[in-house]
Amino acid sequence: MATKPRIIVYILRRDVRLSDNPIFHHVSPVACKRDSKTELSHDSISNGKPDLNITHLLPIYVFPANSIEVSGFLSHEAQRSPYPEARSKVAGIWRTGPHRAKFLAEGAWNLKENLEQLGCGSGLEIRVGYINHVVEHILDWYNSDRDENGDTKVDIAGVWMTGEEGSEEKADERKTRAITEERGVTFKIWDDEKYFVDESDVPFDNISDLPNIYTQYRKSLEPLRKRPRRALPSPSRLPLLPSVIPPQQEPFEIPTTLAGIKDCLLAPLNQDPTFGLPAPPVWPAGTQSAHPYSGGETYALQRLSHLISSGAMSSYKATRNGLLGLDFSTKLSAYLAQGHITARQIHWAMFEFEEGRGGGEGLTGYGTGKENDGTYAVRFELVWRDYMRLCSRKFGSKMFHSNGIGVVCRPDNIDNGGKDLARSHYEQQPSRKRWKYLHKSGAGGDDPAKNREMFNRFGSGRTGIGLIDASNREIFLTGYTSNRARQNVASFLTAHIGIDWRVGAEWYEFLLTDYDVSSNWGNWQYIAGVGNDPRDGRKFNPVKQALDYDRQGEYIKAWVPELRNVRLTKSMGPNKEEIDENRLMGLYQAWRLERWERDSLGLSGLDWVEHPLTKIEFSVGRGGSRANVNVKGRGRGNWRGQGSTRGRGFRRLGEEEKANRGDFPSQ
Ligand SMILES: Cc1cc2nc3c(=O)[nH]c(=O)nc-3n(C[C@H](O)[C@H](O)[C@H](O)COP(=O)(O)OP(=O)(O)OC[C@H]3O[C@@H](n4cnc5c(N)ncnc54)[C@H](O)[C@@H]3O)c2cc1C
């Protein structure tokens, strides 16, 4: 007689992949053993692992209603969602915008297809709601499904999910554990080994011992190439899906196609496609997205393979400050953020290349047995990602406070890891900086309506500062903008116009395809000067930065089409034109164009041209040579152009420099 089905409910979060997935890997022996006996049998096989006394695996991907709006899944128009709108706390912005919503749906769908294609009866269910509600419904539904003797038809052997950082994610875990254990079912949180350094290999026992400065952390791990553990193989078989699966709880309904799911996710967002902006950006003719990628493990692995075999990984150090194009950086962040790929898979792909195996034969760096500048730099950034995540763990909800975690990095607190700052005390602390808020007057007595207007112009890409506007239009339209641009944008919002950094972080959370709670909130506060930057914040000069990184003005012209006809060259003789740095100044800040030129280009009367949110002091000398570049009021000492547009500030720093600069990810 077949045993009663014993099911593991596996809730997927940011582990949406088959390969290097600890849970799929763990349960795959069940399927193998079972297959060797009789295909599709219900025999319970533990394979020597006590928690593997199971017959079925029910993988469920949940769109969590707290962070993504799910009212589009209501089965009838007349119904109302039981959940409040998924909007941010500070500025009331949607938590998840259209770019990430699509990417998430694609990722889940891709996994569903990959599981089904194993041909072993596996698959994936998709649900919406709070995770604890989804689990509660499933457990209660199975509990109420009984045979004629009153026995449940199935046993739930456990509810498993992978752990995440972030206070909200931790709260989801606690609530899910509570409702599961209340029902007498085992609950287990797994470490999702999607980081560069495995959970069990971090070089400290207690999270309070995490250094407050990245450099110290990174140094404790060098040589980075030796750190990652092996990635787990992709299982070829998995346990069956249960033959009976509880439906989505009302009032929601899950469509049976990817297009249907995307429609449901986008419907509430599409009710106001301006997202509150009076003049939202429109796609400029002829401009290509730097991030045209679909979500899903299949596409993540394809991208990784392309990066290796094209040589883009090896040239990363030289190109990573780029602004335009597909391959100047890896564009793996969204895949990493959603767990469509893991950091150690990236490491091992580079390792194979370095060892002369797999794609990339004949390219520089192939088979040398050691890392090259590019592969080292990628590992360096992946460790930044790990570090940000560990900061989330260390500082918990302080990551979201207007003071950020910075208070614990002040010299008087630096050694105690913040342990002496009780949370309630911390939360009552007045803001250390004089932010402008959108909902109330700040310490400077400013007008919140004006601040809102400023923020709207910022979000629309109409500040009047070319680099900032190009990036903000790009991110609004594509869900991506480069790291270099992000740094400038974050610095502009916080240091130049003084708006509460959390509003910027929420705006990015809404727009970014690659949104990751730790990387986003950690980077924003780092730049705002309230994070763990030993230099206490940095003010980027976006004109100087444009001169460094957009020397031909291509990026600004791509995303701010109103400026495409600004002439940037001067004549150097018959048929010889050369970029004129003085003319670039008019592209970088259009108010600097002569009146006649503004008139002739149709720029007169545009708010961002006539009345920029701020005017940046910067000029170039007559000769136009680099030596003649001056930052007014700061002197030439601040100039650090490296010569080429692709010039990369990234380099291994001297000891003294490092101590002063704190190993900023992209300096
Ligand atoms: C204000 C601000 C907000 C940011 N928000 C996010 C976010 O929500 N999600 C996110 O993944 N990254 C974020 N970053 C970091 C960085 O900008 C992106 O990871 C990077 O631009 C993504 O493009 P890429 O994959 O081509 O990166 P690459 O340059 O190819 O880097 C390789 C990988 O390293 C990691 N990485 C690189 N730089 C950083 C960094 N500074 N911090 C943490 N990890 C890094 C990413 O996983 C990235 O995919 C933010 C940076 C800033 C300044």
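Positions of Cβ are set from backbone N, Cα and C atoms, glycine also.
Note that TrEMBL annotation is computational and uncurated.
The annotation FAD binding site is assigned in TrEMBL to Tyr316, Ser329, Thr330, Lys331, Leu332, Ser333, Asp514, Tyr515, Asp516. Per TrEMBL, compositional bias 'Gly residues' is recorded for 636-646. Residues or ranges marked as compositional bias 'Basic and acidic residues' in TrEMBL: 652-661. If you look up TrEMBL, you'll see 6-195 marked as domain 'Photolyase/cryptochrome alpha/beta'. As annotated by TrEMBL, region 'Disordered' applies to 629-667. Taken from TrEMBL, the feature site 'Electron transfer via tryptophanyl radical' applies to Trp435, Trp501, Trp524.
Around Trp501 (site 'Electron transfer via tryptophanyl radical'), a 10 Å sphere centred on its CB holds 27 further CB atoms from the protein chains shown. For ligand 1, the neighbouring recorded positions among Leu332, Trp435, Trp501 are Leu332, by Cβ distance under 6 Å. Cβ contacts within 10 Å of Trp435 (site 'Electron transfer via tryptophanyl radical'), excluding its own Cβ and spanning all protein chains shown: 21. Residues Tyr316, Ser329, Thr330, Lys331, Leu332, Ser333, Asp514, Tyr515, Asp516, recorded as contacting FAD, have a largest CA-CA distance of 22 Å. Taking the C-alpha positions, the distance from Leu332 (FAD binding site) to Trp435 (site 'Electron transfer via tryptophanyl radical') comes to 33 Å.
Just so you know, the Cβ of Asp516 (FAD binding site) picks up 23 other Cβ atoms within 10 Å once every protein chain is counted.
The Cα of Thr330 (FAD binding site) lies closest to that of Trp524, out of the recorded sites Trp435, Trp501, Trp524.
Annotation note: Trp435 (site 'Electron transfer via tryptophanyl radical') sits in a coil segment as assigned by DSSP.
In sequence order, Ser333, Ala334, Leu336, Ala337, Gly479, Tyr480 constitute the residues six or more apart from Asp514 (FAD binding site) in its chain with CB-CB distances below 8 Å. Note on proximity: among Trp435, Trp501, Trp524, the recorded sites of the record, the Cα nearest Asp516 (FAD binding site) is that of Trp524. DSSP classifies Trp501 (site 'Electron transfer via tryptophanyl radical') as helix under the three-state reduction. Across the structure, Tyr316 (FAD binding site) and Trp435 (site 'Electron transfer via tryptophanyl radical') are spaced 36 Å apart at their Cα atoms. The Cβ of Trp524 (site 'Electron transfer via tryptophanyl radical') has Ala490, Thr494, Trp501, Arg502, Gly504, Ala505, Tyr508, Gly531 as same-chain neighbours under 8 Å, each 6 or more residues away in sequence.
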